Amino acid sequence: MTDTTPARRSGGEVARPGRDAKPPRRSVLPAPGQGFGLTFAQMFKKVTTEEYPFEPKVTKPRYHGRHVLNRHPDGLEKCVGCELCAWACPADAIYVEGGDNTEDERYSPGERYGRVYQINYLRCIFCGLCIEACPTRSLTMSNDFELADDNRRDLIYTKEQLMAPLLPGMEAPPHPMRLGDDEKDYYVRTPNPANPAEPVVGEKV
Ligand code: SF4
Ligand code: SF4
């Protein structure tokens, strides 16, 4: 069996691992020689210079970058103006004002939509708490990290800058609900006829 008893030094004192380690051996070179030796050794190491912006860096897939306000497949906005993202933000970076949808002017399924939406990138710390708080998965984060600018005003992004682009088959709001008569039709999948046993769960896209 291995002896795990701490080593004892002369006089019965117990040696403490780490704190009582032996001091490093002194170099025979004078201090300037040691310094230049370190510099000289670097010349033979692999260069890790990033050629940004000529070669843009590829981020990890789940990198927290600029936010996106997403749309439903028919183009209506997923944001319902609930302000939960703004309340969750520890940096007070989000400003939301909700508005009422009407049958003549509808921007999202349901009663409300995000009439004003702003994110202040001078404050944002990219923690992702806002996207965790969003109940409709309207707010997500992209991998875009190029957010520098030369003035403060342009770093407050507006709803128009944050909205996801319209994909083929989408229609620019305002327009009526195209995916059903009720807002639940946008969030709850209907049973799969090919597999009726498959559970019907809330949409998370
Ligand atoms: S990522 Fe964090 S700091 Fe930035 S807006 Fe969201 S909650 Fe606020
Ligand atoms: S982005 Fe999400 S949490 Fe924020 S106001 Fe819109 S629906 Fe609510």
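Glycine too: its Cβ is placed from the backbone N, Cα and C atoms.
Heads up, TrEMBL stuff is auto-annotated, nobody curated it.
What TrEMBL records for 1-34, 168-205 is region 'Disordered'. Residues annotated as domain '4Fe-4S ferredoxin-type' in TrEMBL: 69-99, 115-144. Sequence annotations record features per position, and here TrEMBL assigns [4Fe-4S] cluster 1 binding site to Cys79, Cys82, Cys85, Cys134. The feature compositional bias 'Basic and acidic residues' is assigned by TrEMBL to 178-187.
Here the features listed in TrEMBL are placed on the structure.
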residue: Cys79; record: [4Fe-4S] cluster 1 binding site; DSSP class: coil
residue: Cys85; record: [4Fe-4S] cluster 1 binding site; DSSP class: helix
residue: Cys134; record: [4Fe-4S] cluster 1 binding site; DSSP class: coil
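Close to the recorded [4Fe-4S] cluster 1 site, the chain also has Val80, Gly81, Glu83, Leu84, Val96, Gly114, Cys130, Ala133, Pro135, Thr136, Ser138, Leu139: residues not among Cys79, Cys82, Cys85, Cys134 whose Cβ is within 8 Å of the site's Cβ mean position. Beyond the ends of the domain '4Fe-4S ferredoxin-type' (69-99), by six or more residues, the same chain brings 106-121, 123-125, 127, 129-140, 159, 162-164, 166-167, 169-173, 175, 177-179, 186 to within a C-beta distance below 8 angstroms of the stretch. According to DSSP, the compositional bias 'Basic and acidic residues' (178-187) comprises 4 helix, 0 strand, 6 coil. Cβ atoms under 8 Å from those of the domain '4Fe-4S ferredoxin-type' (115-144) belong to residues 59, 61, 63-70, 77-82, 84-99, 152, 155-159, 162, 187, 204-205 of the same chain, restricted to positions at least 6 beyond its ends.
Residue density at Cys134 ([4Fe-4S] cluster 1 binding site): 19 other Cβ atoms are found within 10 A of its Cβ, drawing on all protein chains shown.
Minimal Cβ crowding within 10 Å, among the binding-site residues Cys79, Cys82, is found at Cys82.
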